[in-house]
Each structure stands twice: as C-alpha cells, then as structure tokens.
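Feature annotations, reproduced from Swiss-Prot:
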DOMAIN    7-245  domain 'ABC transporter 1'
BINDING   41, 42, 43, 44, 45, 46, 47, 48  ATP 1 binding site
DOMAIN    295-527  domain 'ABC transporter 2'
BINDING   329, 330, 331, 332, 333, 334, 335, 336  ATP 2 binding site
C-alpha cells in the first residue's frame, strides 16, 4: 500500500488577480515526511507562490486550477486550527512576523491564540528555549535584537506550535554569513532530530545544498528539475542559463569534469590529489593609485536615543572618487545607520560628513537628492504608487519631462521589469522589489550610490548582471558604497572592503587581502584552498591556477 504524501500538488496552475501571465504552470509535486527540500530558481520563477500554496491561510488571490492536499485532505478542507498548528511559515524579512514587545510574549502569542492552558504554554516555551539555547534573550525587547536574532525568534514562534511541515521563504536573505550558518544549522537539527519536514526557498545554495535531501529547480512557474542535489546540479550544469545558480565549489569541480561532485569544503579538500601541482605565483598585490577623497565621515558617533547605546562611536572613514566600497559585518553593527548618515538622511550626534568638501547637511536638499542615490535594505520604503509603471514613469517625467515615457520604458526593460509594469510594487517578489528600487534611483544618474543590501533577493544570474551594471557606472565616474552580507558578490566585484565592529571600522583593505585574512568572512573557495592559493576567492581564480590532473581519479 502506497504511503500518503505529507503534502501533494496535482497539476496546479495559478494566475494572480489582474494579471495575464501564469505564476505557476502545471505543477505536480509530492512531499514525503522528513524530507528537506531546497527550492531553487530565478527571481519571480514562482518559488514564493508555490510555498504559499502549501498553507491555506496564505493562498494568494487569483485564478487557480488543480488541487493541493495536506496528509490526504484537500488543503481548503484542512481545519483552521490544524493548519495553524501543523504548517508553519517563516518569511524573508525578520521584521514582518514580529507582533509582540518581548521574546517570551512573541512565543506565547500563537499558543494563547489557539487556547492552550497557561501551564502547557510554559512547558512548551521552556522545552523549546532549552533546545534552541537562547535563554538570555527571553525577556528582551524584540526591537533591540539583531536581524539574526529576530529571525531565530520567528522560527521559535513557529516551532513552539510543534509543526509537522515547515515552509521558509529565503529566511537568510537579510542575515550576515555567521548568523545565516547558525540559522541553517538549526534547520538541519530540526529536520534530523525532530523529523519536521522542511521546504526552503533560497538563492544562497552554497550552504543549503549540503543540508537538502532533494532539490527542486523552477523556471517561469514550472518545475524543470526535481531530484537529489547531485542529480539536479548535474542537470543544471547542462544548461548554460542555469550555471550561475550552481554553488562555487561544485561549479569548480564541474569545470574540471569531475565525476563525483563535492558540496562542502571538507569534501572538496578530500578530492584534491596533489596540491604541489598548483601553477601559481603569489605575486604581490598591485596597489592602485589613490584618488581624490569625495566622501568622508570624521569622528562620527550616533545613538538613536539619548541614553541608548552608541551605534557608531568615533568612526572615521574616507571614500575615494570612483571606488566601489563594501561594508561588511554582523547584523546590528551600524552598516545601515552609517549609510543613512552618509546620505544625509540622519544627522550624527557628533562628527561631520563631507561630500565634495561640503558638509552634507549644508548642501541643497534637491541637489543632494539628485546627485546621491540611496537604496534602503527595505525597498518597499521607496514605493508611493500603485503600479511598477507609475513608480518609474512619474520619477522619469519629473526629471526628463516629455522624454520621461521613453526613458521609463527603457529603464524597466533594462531591469527585467517591463512585463511587471501593471503589478503593484508590494505584490512583486523580494528580488523584483530590489530591482525596482534600483531602477528608480538610477534615473537621476547619481554620482554617489549608497546601497543597503542591493543583491538581497536577486537570483545569481541577475546578480551578475547588476554587478556588471555597477562596474559600468564606476567607469563613468560613479562612486559606490554598499552594505552587504553577500561575501561572494563583494569578493568578485568591489575595490575595497571595510568591516564594522562595535561601531567602528576595524578592517579596511582590498578584497584579496581582506578576505584571505578572514576565517569566517570569506568565500567557500578561499576556505577550501587558502593554504595553497591564499588570494583565490572565486572558482575562476582556482581554475586558472590549478590543472585538473590534481583530482583523484
């Protein structure tokens, strides 16, 4: 007798209200108990829409055909209480799910809503906190937590319901590399020790693939590959358009035509036969000629309230004209705050910011708004209109008058948004919202770009195109300062990296020196082969240096 699938989708197609293009096309999928499924695919490929079709409360509004079942029951017929308890969902933005003031209130909230007695609530919270190990956070205000801690609380608030199926939509998109590793490690424990089934949508596959029992790759609302991680990665390798989605370590070994593909640093090192064969010379890094300082922060200190801790303390930094600078560091170290101060959106408690030699707050606001482009880590903060078209067209018309319509059309096509022009910005995927915010910001051709997590939510292919666009802007004289958790992107593209810690810049160097000196804040490729190739940061760096006869036969 066949086992009943934990969740099952039969020939599901879906079109959002007021749209013509199908978001999902003929999806058939069976999820077995205990699986750890990674959903991969481009921005807007249907991953989030598919996840929402596995929980009845999240079913999007539109026209659908086909059926979805949970434990053999049609999803629409699953009792509300059962759905709330057994199917949990964690979203991309840590801020969006928190509703209470303290951590313990957040954990108790959902249990109180389903009417559990207080002694059961206390027992569940105590047991869960012991499992997760964050007793110290229990009575803290959720507003004082870092992004990683907030996402941990979101996960805990779902786990306290003792779910059987856990859905996660890019849960590490806003987490620093260390917090992301900790979060994903916790998901592995939940899956292995508690037997909870996990379906996870994620662009950063480097850390997810080794955990997954199965990978599903989507494109244009369809499932194109479905199978074991090794099988799906091999299938993706056969199609040029999917190769950017393959994580760095397996990508390197596929380039080497290896038969058995490793996914982790340990597996990769075990496959290397003879490191002495490396044809590489550690030449000194060429120092670039220093340029004029265009932006400076001098002895900046900042706190949100008079008696609150300092976010930035006596921070001094100089940005040279035409440079692309990455700010990295843990959630809560002040990267976003520094960007808003550099943009003139917030004023430092002490110290001065100068742009082109002028104190930033003494520059006319209209001139500042046109010449300095700022994109928040929450792109929806930028949206004021009801359609993607209006967001871009109204700004283009304001800047260019009668030419605005033509320029808006060109800009939307440039950022792969033209097909979405009638969609409400808040109905776009996280990556599409990111592109829309960039699209409108770049209309004024700013000479200084201040970007907070610009690659968040972007699939690897679009990320490469955005990287190329920023390089082109650099060549035209644009200066870029970018806060990012995307170590691979920074390693590949930027000129300079700065690490913030305890409110100050503690490291400031070119990418090769910066990342080769780090243990955690570096790329998977560098961790794999740092002793032999200390400055290798990408698979391309290693491929150029290492012949493929170094592999075990």
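Backbone N, Cα and C atoms are what each Cβ position is placed from, and that goes for glycine too.
With a 10 A radius on its CB, residue 334 (ATP 2 binding site) counts 24 other CB atoms from all the protein chains. For the binding-site residues listed here (47, 330, 335), the lowest count of other CB atoms within 10 A around the CB belongs to 330.
Here the domain 'ABC transporter 2' (295-527) returns a mean pLDDT of 92 for the predicted model. Non-local contacts of residue 44 (ATP 1 binding site) by the CB criterion (under 8 A, 6+ apart in sequence, same chain) comprise 420, 428, 429, 431, 432. When the binding-site residues 329, 332, 333 are ranked by how far their Cα is from the Cα of residue 41 (ATP 1 binding site), 329 comes first. For residue 334 (ATP 2 binding site) paired with residue 42 (ATP 1 binding site), the C-alpha to C-alpha distance reads 30 Å. The separation of residue 43 (ATP 1 binding site) from residue 335 (ATP 2 binding site), Cα to Cα, is 26 Å. DSSP assigns residue 47 (ATP 1 binding site) to a helical segment in the three-state reduction.
Note: the Cα of residue 45 (ATP 1 binding site) and the Cα of residue 331 (ATP 2 binding site) are spaced 29 Å from each other. For residue 336 (ATP 2 binding site), the nearest of the binding-site residues by C-alpha distance turns out to be 43; the candidates were 42, 43, 46, 47, 48. Remark: residue 333 (ATP 2 binding site) has 500, 501, 502, 503 as non-local neighbours, by Cβ distance under 8 Å and separation of at least 6 in sequence.
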